[in-house]
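Now, the feature entries from TrEMBL:
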- 12-32: transmembrane segment (TRANSMEM)
- 16-419: domain 'Oligosaccharyl transferase STT3 N-terminal' (DOMAIN)
- 82-102: transmembrane segment (TRANSMEM)
- 114-133: transmembrane segment (TRANSMEM)
- 139-157: transmembrane segment (TRANSMEM)
- 169-194: transmembrane segment (TRANSMEM)
- 200-224: transmembrane segment (TRANSMEM)
- 236-261: transmembrane segment (TRANSMEM)
- 267-285: transmembrane segment (TRANSMEM)
- 297-321: transmembrane segment (TRANSMEM)
- 389-406: transmembrane segment (TRANSMEM)
- 412-431: transmembrane segment (TRANSMEM)
- 472-497: region 'Disordered' (REGION)
- 507-531: transmembrane segment (TRANSMEM)
- 576-635: domain 'STT3/PglB/AglB core' (DOMAIN)
- 749-760: compositional bias 'Basic residues' (COMPBIAS)
- 749-780: region 'Disordered' (REGION)
- 769-780: compositional bias 'Basic residues' (COMPBIAS)
Amino acid sequence: MAAPEDSTLRYAFGNVLCFFILLLIGVLAFSIRLFSVIKYESVIHEFDPYFNYRVTQFLTKNGIYDFWNWFDDRTWYPLGRVIGGTVYPGLTLTAGTLWWILNSLNIPLSVETVCVFTAPIFSAFAAWATYFLTKEVKGTGAGLAAAALLAMVPSYISRSVAGSYDNEAVAIFALIFTFYLYLKTLNTGSLFYATLNAIAYFYMVCSWGGYTFIINLIPMHALLCIVTGRYSSRLYIAYCPLVLLGTLLAALVPVVGFNAVLTSEHFASFLVFIIIHVVALAYYIKGILSPKMFKVAVTLVVSVGLIVCCAVVAVLVALVASSPTKGWSGRSLSLLDPTYASKYIPIIASVSEHQPPTWPSYFMDINVLAFLVPAGIVACFLPLSDASSFVILYIVTSVYFSGVMVRLMLVLAPAACIMSGIALSEAFSVFTRSIKFQLPGVSQSHQIDAGDTGSEPSGDVIQNVVKTENIDEPVKERPSRRNKKKEKENMDKPSKPSIKSKIEKRLMVLPLETSIIALFLLVLLGAFYVIHCVWAAAEAYSAPSIVLTSHTPGGLHVFDDFREAYAWLSHNTDVDDKVASWWDYGYQTTAMANRTVIVDNNTWNNTHIATVGTAMSSPEKAAWEIFNSLDVKYVLVVFGGLVGYPSDDINKFLWMVRIGGGVFPHIKEPDYLRDGQYRIDSEATPTMLNCLMYKLSYYRFVETDGGKGFDRVRRTEIGKKYFKLSHFDEVFTTHHWMVRIYKLKPPRNRIRSKTKKTKSKSSSSTNLKRSRTRKKNPWH
């Protein structure tokens with residue numbers, strides 16, 4: 001009776017230890033993302049988070065109903081924007097709920113503070129969800145390793161540092177948790193978990209447009225299981241409720257609506273839904289009919305199924321053919337065809353996040369995980385299960401998508417951590433077992449155990465063991481209460497290890513020295529990974545884009561020009577004034593300066609953005625006319641030539657030309673290039689030197705360095721140094737010249753030409769003479 005008690009104690013101790021390890025992993029995931037707050041301050045980062053912050057402020061102040069019906073007249077002037085119907089509300093509702101709960105508990109935190117710390121909180125949740133997902137695939141050890149890796153992986157840190165209040169902050173947790181519930185349902189066949197899976201998918205749809213990755217990956221896995229002969233009732237329960245409930249719930253999100261059933265991104269799930277029902281019907285008929293009748297019935301079922309599939313495919317083809325983009329969104333088409341955006345939709349190609357990554361970015365974002373992933377894939381095939389085949393499919397698809405778009409490195413990170421966790425767990429188990437078996441005290445006890453079961457078993461015995469164990473393997477049905485009681489009784493009885501397990505353990509024993517060296521190298525690899533992740537969190541990804549720093553011999557230098565410019569706009573302009581800038585700065589201008597903008601980061605109206613791009617690409621007078629027609633009063637440009645800031649508007653200018661030329665044909669990119677090169681020096685084209693963007697960026701620039709006009713970003717002297725502005729007045733330039741604000745001059749009064757003036761004068765003089773002659777008194 002001592003053995004069961006010892007095993008129970010070990011099991012309980014293992015659970016407690018696992019709980020505390022998970023708690024520490026959550027603390028690690030939260031704390032490693034606080035460098036931005038410690039080094040700088042509690043501030044919102046980047047561009048998109050400022051819009052999310054502004055929307056959350058409106059939600060907490062006005063309530064949920066006003067949020068759904070909010071028409072924002074401070075964006076996309078004069079069009080405006082319906083916020084409730086064009087935004088993914090998951091992040092906003094999550095942060096708003098957290099703020100409401102904290103204030104209900106008399107914890108008076110501001111909305112900004114809650115928004116800043118939402119991403120670090122959900123990174124801890126994502127790490128825990130990764131543990132549960134990996135546990136369903138390869139057990140507790142692999143789950144803990146994967147959770148620890150995800151808590152620190154730089155790719156995920158880059159989008160979840162404190163202050164990064166973007167949709168991905170909660171969406172990655174929702175993605176991992178949805179996959180976990182799918183695998184949990186697949187392993188247990190529980191309808192309860194299937195319902196939870198649909199709800200988790202609904203939360204993912206509310207949070208991020210990347211939900212289409214889920215609704216395509218899971219059908220691919222279901223189809224893979226059917227094709228490879230791994231269909232079971234558990235697969236049916238895991239898949240069908242997700243498609244039905246998930247699609248119905250997704251259609252409730254205003255920004256998705258009927259796109260959940262009308263766009264090509266969702267058609268794969270419906271097609272597999274039909275296929276899985278045909279297969280389920282075939283299996284059901286097979287169970288109730290004789291083999292001869294089954295052949296006839298299968299022929300009938302397959303025929304009817306093919307007819308239904310053909311009809312559905314015909315309807316889908318008709319729907320797809322009616323759309324110019326074949327039912328796909330622009331971003332989806334750019335994923336399937338990496339050259340599509342650069343050819344047809346320059347507004348998508350202009351975003352830096354949509355560019356393909358370089359090879360060093362993989363080492364920067366996932367580091368040593370890139371070398372552990374292949375080992376994890378091999379481990380998933382030993383043995384191959386439904387859950388392990390899913391994570392293999394996940395890593396393969398995420399590697400492809402991350403290679404197309406650098407933003408999707410974020411989707412690759414969880415898959416890489418899962419595979420690396422499995423690889424590390426398997427490697428540690430092999431090496432520690434090898435050391436354990438070769439220790440003096442342990443090896444003798446194993447020899448005694450081997451003597452009890454007899455000497456080396458013959459090959460026939462091994463084959464029989466393998467056969468019997470393979471027979472018991474395939475279907476893991478949901479156990480009944482009686483079976484659960486039997487399993488519990490069998491677990492309480494001390495049982496000797498099987499012959500096959502002893503043979504496998506003996507075959508996987510490595511030499512003692514090799515195992516110790518391998519363990520040391522794995523620990524060294526882990527230490528290198530931790531050092532790299534801490535450096536990335538502290539230096540590479542903690543700096544907010546709105547506050548820049550540089551290390552000089554004199555110490556740390558802070559560039560706070562963006563907030564300086566927005567504060568000037570807020571305090572020195574009228575509330576109803578309109579500000580024009582490139583779309584990158586629209587969200588920040590609206591949130592921080594509280595001024596109306598012409599375009600912003602939503603990029604829903606390509607024509608409106610092209611109008612601004614055309615104005616920036618046009619000569620000064622033509623640009624003034626365009627901005628004046630849009631009721632613009634101020635123009636904001638970002639310039640980095642003085643301090644060496646590379647992400648300025650001059651470096652983005654060619655995208656303005658391309659986007660503007662895509663709508664207004666008189667804007668031609670070759671007019672701004674000299675022999676195919678983009679130049680701003682003396683060799684630049686006259687069109688380039690006379691466009692508005694050049695003039696607003698380099699106006700009075702020669703005064704900063706004694707007349708040279710040397711641009712530190714382009715590393716050259718500018719071509720046109722001395723010029724005056726006739727239609728714009730410079731009203732504010734920040735301390736480091738990073739943001740420059742100009743005001744449109746009022747329209748001039750209409751003055752007639754000189755010839756008309758002389759004619760009018762002569763005509764007026766003759767009229768006066770005539771009137772005088774007429775009025776002369778004849779009596780005098």
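Glycine residues also receive a Cβ, built from the backbone N, Cα and C atoms like all the rest.
The shown structure was predicted, so the numbers you read here are calculated from the model rather than taken from an experiment.
The recorded stretches the transmembrane segment (236-261) and the transmembrane segment (114-133) do not share 3+ CB pairs below 8 A when only pairs 6 or more apart in sequence are counted, and are therefore not in contact. Within the chain, the transmembrane segment (139-157) has long-range Cβ neighbours (under 8 A, six or more residues past its boundaries) at 14, 18, 21-22, 25-26, 28-29, 32-33, 123-124, 126-128, 130-133, 172, 364-367, 369, 409-410, 412-414, 416-418, 420-422, 424-426, 428-429, 529-530, 532-534, 536-537, 540-541. Here the listed stretches are 114-133, 169-194, 267-285, 297-321, and the one with the most C-beta pairs under 8 angstroms to the transmembrane segment (389-406) is 169-194. Sequence-distant residue pairs (6 or more apart) of the transmembrane segment (12-32) and the transmembrane segment (114-133) include at least 3 whose Cβ atoms are under 8 Å, placing the two stretches in contact.
Sequence-distant neighbours of the transmembrane segment (412-431) (same chain, 6+ residues past either end, Cβ-Cβ under 8 Å): 126, 130, 133-134, 137-139, 141-150, 153, 155-156, 172, 175-176, 365-366, 368-370, 372-373, 375-377, 379-380, 391, 394-395, 398-399, 401-402, 508, 510, 515, 518-519, 522, 526. In this chain, the transmembrane segment (82-102) lies close to the transmembrane segment (200-224): three or more C-beta pairs between them fall below 8 angstroms, excluding pairs fewer than 6 positions apart.
The DSSP breakdown of the domain 'STT3/PglB/AglB core' (576-635) into helical (H, G, I), extended (E, B) and coil residues amounts to 33 helix, 8 strand, 19 coil. Mean pLDDT for the domain 'STT3/PglB/AglB core' (576-635) in this predicted model: 92.
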